[in-house]
Amino acid sequence: MAEQHKEESVLEKISDKLHGRGGGGSSSSSDSDDDRSSATAAVKAKIYRLFGREKPVHSVLGGGKPADLFLWRNKKISGGVLAGATAIWLLFEVMDYHMLTLLCHCLILTLAILFLWSNATTFINKSPPNIPEVKIPEDLAVNVARSLRYEINRGFATLREIGQGHDLKKFLIVIAGLWILSVLGTCCNFLTLFYIVFMVLYTVPVLYEKYEDKVDAFGEKAMVELKKYYAIFDEKCLSKIPKGPSKDKKLH
């Protein structure tokens with residue numbers, strides 16, 4: 001009995017040592033994992049992202065189905081939308097089709113098919129077509145109107161602020177953007193411009209997500225050079241232009 005008790009005590013000590021080592025190993029491995037994760041987070045924080053972006057491209061585009069559409073998560077749906085937009089552009093721009101003519105022809109064809117189908121069911125003993133009732137929800141219309149109102153008011157507020165001469169940098173950016181739009185307007189009409197913007201939205205985000213690191217590295221170098229040239233331009237030209245009264249002075 002004494003020998004059996006000794007053997008049990010020895011086994012207990014060995015198991016306690018093994019468990020102690022195992023616990024220490026697990027804690028050390030968890031500490032090393034924490035160190036690795038913190039080091040990875042620190043490295044990611046130091047990486048330059050275009051326009052100061054901190055979120056993934058999918059989140060920047062708003063997430064959900066629109067972001068999936070622009071990033072080609074579902075290639076069939078994205079390809080179908082691209083084919084439809086291209087067909088519309090070809091109809092109106094290349095084939096010189098008019099919007100009102102196309103709309104009337106589509107309605108004539110649809111109504112003729114439904115009318116003939118509904119009357120033919122009485123002769124062939126089949127059920128008439130189930131035409132769904134289409135209504136615009138009131139909540140959707142109100143939300144769209146509110147969103148448009150908010151964006152329009154924000155645009156008016158931005159134009160008013162620029163007109164008051166508070167922000168010279170924003171003024172130059174807006175003037176340059178409007179000038180580029182005017183040049184594009186002389187080269188193509190609104191539909192072609194809309195199609196170009198659509199193609200840019202359909203190609204640039206997915207390409208940027210694929211070559212994100214390379215584009216961000218190039219963007220960092222470009223931003224450094226632009227800041228140098230802007231500092232020189234600011235020192236020689238912009239700083240000598242008299243500015244309008246500040247908001248604090250107006251309040252006093």
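Glycine is treated like the rest: Cβ placed from N, Cα and C.
Nobody curates TrEMBL annotations by hand; they come from automatic prediction.
Just so it is clear, the model here is predicted, and its values are computed rather than measured.
According to TrEMBL, the feature compositional bias 'Basic and acidic residues' maps to 1-19.
Marked as region 'Disordered' by TrEMBL: 1-37.
Residues or ranges marked as domain 'Reticulon' by TrEMBL: 66-249.
As annotated by TrEMBL, transmembrane segment applies to 77-92 (among others).
Sequence-distant contacts of the transmembrane segment (98-117) (same chain, at least 6 residues past either end, Cβ-Cβ under 8 Å): 91-92, 128-129, 131. If you look up TrEMBL, you'll see 98-117 (among others) marked as transmembrane segment.
Packing against the transmembrane segment (171-204) from elsewhere in the chain are residues 70, 78, 82, 85-86, 89, 92-93, 158-159, 162, 165: each is 6 or more residues past its ends and has a CB under 8 Å from a CB in it. Taken from TrEMBL, the feature transmembrane segment applies to 171-204 (among others).
Counting same-chain residues at least six beyond the ends of the transmembrane segment (77-92), those with a Cβ under 8 angstroms from any Cβ of the stretch are 69-70, 98-99, 102, 191-192, 195, 198, 202.
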